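Trainee: Quick one: this structure, given as structure tokens, is what I'll be asking you about.
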Amino acid sequence: MSETPAAGIRLDKWLWQARFFKTRSLAAKVVSDGGIRVNGARVSKPATTLRLGDGLTFAQGGRVRVVIVREFGTRRGPASEAQALYEDRSPPPPDPEPPAPGADRSGRPEKKDRRALDGFKRFAP
């Protein structure tokens, strides 16, 4: 068996090698649950053969990832090596929502705050 398959590679193995999932079994579970689309078609078998140029769409970390397969790896190497396996076409992550006003304050007002509230209450119509 050659180290670099010319025809293709298992989907779960490639997702693991490209470091999208920490374990291969976790990648297989996401594929089995139908969370991955290959070229727009939902797949549910981890052994689906992935070919060069295939487009993958899946949710990860609260955002949608869109990647194009550029290479097959021979091992699960460092992140720099894994990033060479794909082209990321994901939309930019959404901006985090600012906290609601007053969300940082919680609990009972302190004495200084209570006096300020009393001052407002005296002048209220």
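Cβ coordinates come from backbone N, Cα and C, glycine included.
Here's the feature list from TrEMBL:
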- 91-101: compositional bias 'Pro residues' (COMPBIAS)
- 105-125: compositional bias 'Basic and acidic residues' (COMPBIAS)
- 9-74: domain 'RNA-binding S4' (DOMAIN)
- 76-125: region 'Disordered' (REGION)
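Show me how these features fit into the structure around them.
Mentor: The DSSP breakdown of the compositional bias 'Pro residues' (91-101) into helical (H, G, I), extended (E, B) and coil residues amounts to 0 helix, 0 strand, 11 coil.
The helix, strand and coil residue counts that DSSP assigns across the compositional bias 'Basic and acidic residues' (105-125) are 13 helix, 0 strand, 8 coil.
Summarised by DSSP class, the composition of the domain 'RNA-binding S4' (9-74) is 16 helix, 23 strand, 27 coil.
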Trainee: Within the domain 'RNA-binding S4' (9-74), what mean pLDDT does the predicted structure show?
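Mentor: Per the prediction, mean pLDDT sits at 95 for the domain 'RNA-binding S4' (9-74).
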